[in-house]
């Protein structure tokens, strides 16, 4: 569950919503391809952790020359800090939307919350995974409700999963597709997953147990990644159904929040409840993504 969070952080939200608002359902195929690549990479991370009993950081330390190792460490630490900041800022924005809390205070409160949750590590990683799993289910239910109310075109959604050449020939569509892929496939997930894979209880000297650990790890990973894909797809569908043709309203969370309660933008679906649910889901996702990226950095 922790790994799935990296595929549905606030950065994914903006790219998915903007993709739907600008290009309708056309980028659903990019989202699908991104998650398939992610599944392959996470499978490799599981194999590294289960078979070699190493996480990616340990493997780099063991097999990469010293100076190359230092460069990789600096690059990855910078990437993880940027990813962590995305979650912190997303949570701070959600707190501002819900309670009017200034962004700086929201960021400080988020950092404190993440540190408190990380204290649960002494009770085992499974406690944190349970918190994250419940959070993912909550976010999925919220967006399921909002998409159901938006009543999107089923035919349009089905057509969106068919790749087409416009993705490569349209400059704006290509850039946004790269943004979706970049927000989906992030290196900190590989570091985290290869480490978490070692927490499974099995005897590495018994091939049958290693095979079973690999099978369970891949099944567990793919189920959670499918859940993350569905949430991202719901976001893109929501952007397409409600904001298509009104692209200026989905370049920032504040715009989406205001748009969901503005009848001039979303018609009869506009209500404070829609915007509040959106902000609450952003709050949950920002918090759990901050937890996951902090663990990956460790």
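Every residue gets a Cβ built from N, Cα and C, even glycine.
So that you can see what the record holds, here are the features copied from TrEMBL:
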TRANSMEM  23-44  transmembrane segment
TRANSMEM  95-121  transmembrane segment
TRANSMEM  128-148  transmembrane segment
TRANSMEM  168-192  transmembrane segment
TRANSMEM  223-244  transmembrane segment
TRANSMEM  264-288  transmembrane segment
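The transmembrane segment (95-121) shares more Cβ pairs under 8 Å with 264-288 than with any other stretch in the list 23-44, 128-148, 168-192, 264-288. Contact between the transmembrane segment (264-288) and the transmembrane segment (23-44) does not hold: fewer than three of their C-beta pairs are under 8 Å, each pair 6 or more apart in sequence. Here the transmembrane segment (168-192) has Cβ contacts under 8 Å with residues 2-3, 6-7, 9, 11-12, 14-16, 18-19, 22-23, 26-27, 30-31, 33-35, 37-38, 41-42, 44-45, 55-57, 76, 79-80, 83, 232, 292-293, 295-297 of the same chain, all six or more residues outside its ends. Sequence-distant contacts of the transmembrane segment (23-44) (same chain, at least 6 residues past either end, Cβ-Cβ under 8 Å): 3, 7, 16, 152-153, 156-157, 159-164, 166-167, 173, 176-177, 180-181, 184-185, 189-190, 193, 218, 221-222, 225-226, 228-229, 232-233, 236-237, 240, 244.
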